[in-house]
Structure formats: C-alpha cells, structure tokens
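Summarising the annotation, TrEMBL assigns region 'Disordered' to 40-79. Taken from TrEMBL, the feature compositional bias 'Basic and acidic residues' covers 40-54. Residues or ranges marked as transmembrane segment by TrEMBL: 95-118, 130-157, 177-195, 254-274, 301-322.
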C-alpha cells in the first residue's frame, strides 16, 4: 500500500508541476519516470551491498564489522621500532622543525601556567582567584591546545618524561629524543624568564612557580606523587595515540589531545597540595633556574627521578601487558 500512496503523490506532483510551470505533461511524466528508474537502480545496488555484508563476503571490506576477516586488508600491522641512531635525521628539515615546535610549545606552556600560578598566590584569598581548580585547568587546557597544535609536527610531547617513555617504547630514535628534551628545557627556561621579565619583584616574592615538596609531606611522598602522576599522564598518551586504535577509528588522532589534557588536569587536582605538580622535568627546571633560590633546588631531583620512573613504568606496562609486544614477536 505504501508504494501505491507514493505513486499517487508522485502523479499529483507531476500534474501540479505541469499546471504551475506550463510545461507539457508528457515531458514531466518522462522526467519523473527516469528519476524513478534511477532510484530503483541505486536501491538495488545498495541492497546487493548489504546482502554481501550480511553473508560475510569480502567485496566491501570497508563496511564489515571491526575484527572480521573482511577487514584483513585494512587491519593493523605493527610498525617497526625506531632505530637507536638515525644520522639521516640531522639533515632533514622536518627534524629541526619538530624541535622548534617543541621549544615554542614548552615556552608558551610555561608562560601561561606560571602566570596563572602567580595570579593565584597574589590574590588576598582563594575566593578572589581561580584557585587550585583554575591552576589545574590552565595546565590541562594548555596541554590540550598545544598537543593539538604540534601533534602533526613533532608529536606534541612538550615534556621530557613523555619523550623518554616514547623512546623506551622505540617510538622515536635516541637522537630525536635527546634533541626534543634539550629544546623542551630551553623553551621552559625562556617561558619562565619572560614572566620574570614582566614582573620581576612579584616573581621572586611569589615563588616563580617553582616546584617544592609542601610542608607536612616527606620526600618519599613527593617522589611517589610524581611517579604515579607521570604514570597516569604517559599511560594516557600511549592509549590515546595507539597506532592500532588509530588504524581502526579514524577520529582517534583528532581526539587524542583531549584525554591527554584531561589527564594533566586531574593529576594537578590531586598533587598540587603535595608537590605543586611537576610530572614535567622541563617545567620544573625552567621555573627553578629562573627563580634560582636554594629551596627550589633542595627537592629538585624528585622532579626528574619521579617523572622518569613513572614514564618508564607506563611504557613497560603498555608494551608488555597491554600490547604484549614480546609475545607477539615470538609467535
């Protein structure tokens, strides 16, 4: 009954078109019939495709459910590990461009975040500032924005601990890893230096955003907070940028900065009261060098050892347990 209704409606629409535009009725009828035939042809083609998918045929693999044999051509293949040394990188402009991107990103990261920290400390009370939540949003939001901007150029590390973890997983060469870390540290120093240049006296009196273990916490507590916080961050980085997931879900590379920035936000909420939240050796080094007070260096080793241990644990967990790379190579 439904096709009859649509045919009746189609007849009346053709008739009204003839009266409205003063076109010959026979011409409009021929045009309507040609549209109807082409629609039937497309419908039959689509039905054939759906039928092939239902029976598991391999004719249209892009429409098969993930994990079926029909997707074998598009299935994920493990990329080869990066070489330890790759001298050819040094003559490539993309190598130097990536380092510059890491420098600029870390520079902007320190500039915005240190200013936010100083603004909170400068306020007469917590109600007059953005508070700890605002600091956490500044750190997480900047990571989200900067990773989005630089992911296609350098990978968007902006953190020596992230670079170290990816190096352990053989995602980049030692040459590139060292270059990234140097540029990240230089960018952090310059970012904190610009903040101090804008307001030198408040910078010194308000601590300059330097990381220290808070009163009431031991060095062991601070080290543990840095290890676990960096583990959360680097594990999120591995999961969000997993090539296997990206191969099957085209939206994953675009969304990757979101969980990474959110992880930074959550870790800051948890560990700001303990260490001020390092989880980024470049951030801690830049603030400590520019601030240059003795107490900023007393616990500084924690903000290198902790993040590097956390990054190493996250890399091992992801490669050995989640991805089971050694077991795959044996099979």
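Just so you know, glycine gets a Cβ as well, placed from its N, Cα and C.
A contact between the transmembrane segment (130-157) and the transmembrane segment (254-274) is present, since 3 or more of their C-beta pairs, 6 or more residues apart, lie under 8 Å. Per-stretch counts of Cβ pairs under 8 Å to the transmembrane segment (177-195) identify 95-118 as the leading one among 95-118, 254-274, 301-322. If one looks beyond the transmembrane segment (301-322) by at least 6 residues along the same chain, the residues whose Cβ comes under 8 Å of a Cβ in the stretch are 159-162, 164-166, 168-169, 211, 213, 219, 222-231, 233-235, 237-239, 275, 278-281, 284-285. Beyond the transmembrane segment (95-118), the same-chain residues lying 6 or more positions past its ends with a Cβ under 8 Å from any Cβ of the stretch are 89, 130, 134-135, 138-139, 142-143, 146, 149-150, 153-158, 176, 179-180, 182-188, 190-192, 194-195, 199, 202-203, 206-209, 276, 282-283, 286-287.
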